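Trainee: Dropping a structure here in structure tokens format, bear with me for questions.
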């Protein structure tokens, strides 16, 4: 193989059938005999020279290899695909698990309610529906007060149900809501990419650099879901519960915000069935909307800080602060690190473990990671 062919292989990668052959030639310990063979195979101008130790490439200083794509090939040979076996469960499986656990938890609550149904103060419609409605109202921390326990056993059950369910179900259902919103975001991103939209419109909807919807659009969508939930509740309460429009709106808002004064509640069988689903979705939609509002405020503050930091000129004190190695000059890497620290995007706690990892790979302690260092580190592991 000629030196030019070897260079092409190193840049673009070997084929599967001959990858082991090139890896073997690169990872060989450079004994005198192998050095002589390398000298015979490759002339003085060979592209392999930067890969050899200083004493074996004719006095030329060791410099950084420009053939970075080969790193992925060598890493694949050293670290096979079995490293990727520890994959996180997919979003769909998480949603299925969350839904199954929710069904089990609510079923247990309904069963306990049904067994102790005579120990509740309630305007009964159906024991199962009343139990489901009671569990949902308790779990969402609304507390209408239309169903209340009046025995030691039912009060202890209510205490345990709300303590466990408040944190447990909130985590599971938040994951489910996040999954639905992520699907919606992914669909909008794909649709925007497929359509020939004007650049201004796309930049308003999508943050192209970050590959996600802009936070203001997320807030608008979340608030839109909240408004939709409130409107749906108003309609059901007016037509099913036979409540006037003002009281329907009042009860709907008090429900989705988990206030629940207790002066109004669901009393009919269809109304309680609707509330069992509606309360879960609407209360979590409100929580998600407030979360996005907080995220928008934080995002705005971060952007303002980044803009301020980038507009600042470097002072003498900032120069000495950015000079990490105290050598009297600030390199580009040091300048970038300093600015990121000023933007509060990274801290010294983030930099220290990365520096230690770099020192482990830098076998020659020259402040650079060469291909030889990487091969020696991989062989040592």
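Any Cβ shown, glycine's included, is placed from N, Cα and C.
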Trainee: Can you dig out which of the ranges 251-272, 273-294, 295-316, 317-338 TrEMBL describes as transmembrane segment?
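Mentor: Of the candidate stretches, TrEMBL labels 273-294 as transmembrane segment.
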Trainee: For the transmembrane segment entry in TrEMBL, name the matching range from 219-240, 351-372.
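Mentor: In TrEMBL, residues 219-240 carry the label transmembrane segment.
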Trainee: Which of these ranges is annotated transmembrane segment in TrEMBL: 156-181, 182-207?
Mentor: 156-181
Trainee: Count the residues of the domain 'Potassium channel' (226-295) that DSSP assigns to helix (H, G, I), to strand (E, B) and to coil, and report the three numbers in that order.
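Mentor: Residue counts for the domain 'Potassium channel' (226-295) by secondary structure: 53 helix, 0 strand, 17 coil.
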Trainee: Taking the transmembrane segment (219-240) as the reference, which of 94-115, 127-144, 273-294 gives the largest number of Cβ pairs under 8 angstroms?
Mentor: 273-294
Trainee: By Cβ distance under 8 Å, which residues at least 6 away from the ends of the transmembrane segment (273-294) in the same chain are close to it?
Mentor: 129, 132-133, 136-137, 140, 142, 173-174, 177-178, 181, 215, 218-219, 222-223, 225-226, 229-230, 232-233, 236, 240, 255-258, 266
